[in-house]
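The following features are taken from Swiss-Prot:
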CARBOHYD  Asn22  N-linked glycosylation site
CARBOHYD  Asn118  N-linked glycosylation site
REGION    1-18  region 'Interaction with host VRK2'
REGION    89-142  region 'Interaction with host VRK2'
MOTIF     89-109  motif 'BH1'
MOTIF     142-157  motif 'BH2'
TRANSMEM  166-186  transmembrane segment
Amino acid sequence: MAYSTREILLALCIRDSRVHGNGTLHPVLELAARETPLRLSPEDTVVLRYHVLLEEIIERNSETFTETWNRFITHTEHVDLDFNSVFLEIFHRGDPSLGRALAWMAWCMHACRTLCCNQSTPYYVVDLSVRGMLEASEGLDGWIHQQGGWSTLIEDNIPGSRRFSWTLFLAGLTLSLLVICSYLFISRGRH
């Protein structure tokens, strides 16, 4: 079955919230799940495999993720629209790659985790952020469909395999592009 990027990312954020949260799902994620009924469960094999892959990317690049997110959230004025702006900076040539897609998904999952686990984050900031990342991510759907869908892409990346290692490596390199794009976006927005 072909899943949209929105469905995959939302299921990943819900899964991640259950793993790293305080046992309850953030109300914004509950609302998003009601607005976009999921055709796959956060416990689905596809979601679990992507979660492992994205966790590895986040763990290997934790300082970069934290620094980039802090810079983004500190300098953004319209968080929902700004997710789309960063997405457009990363994929502006219309030439996505698996590394870019995974770096983007990992950054979004990390952002969602950071926002949902921080009790002092205002509801509206979490709401606008989750909406912004889900909407921006829909821009990957055409490319993902051409690659055979999210399910096909993860089947080729089994943890421990050579391809899995290369995927992690390429996603790490692509993360630097994410950092550069977010800095460019932020500095452009300040002038």
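Every residue gets a Cβ built from N, Cα and C, even glycine.
Predicted, not measured: the structure shown is a model, and the values here were computed from it.
Per DSSP, the secondary structure of the motif 'BH1' (89-109) breaks down as 14 helix, 0 strand, 7 coil. Across the structure, Asn118 (N-linked glycosylation site) and Asn22 (N-linked glycosylation site) are spaced 10 Å apart at their Cα atoms.
Under 8 Å, Cβ to Cβ, and six or more positions away along its own chain, Asn22 (N-linked glycosylation site) finds Cys117. There are 11 other CB atoms within 10 A of the CB of Asn118 (N-linked glycosylation site), with all protein chains counted. Residue counts for the region 'Interaction with host VRK2' (1-18) by DSSP state, with H, G and I taken as helix and E and B as strand, are 14 helix, 0 strand, 4 coil. Sorting each residue of the motif 'BH2' (142-157) by its DSSP state yields 11 helix, 0 strand, 5 coil.
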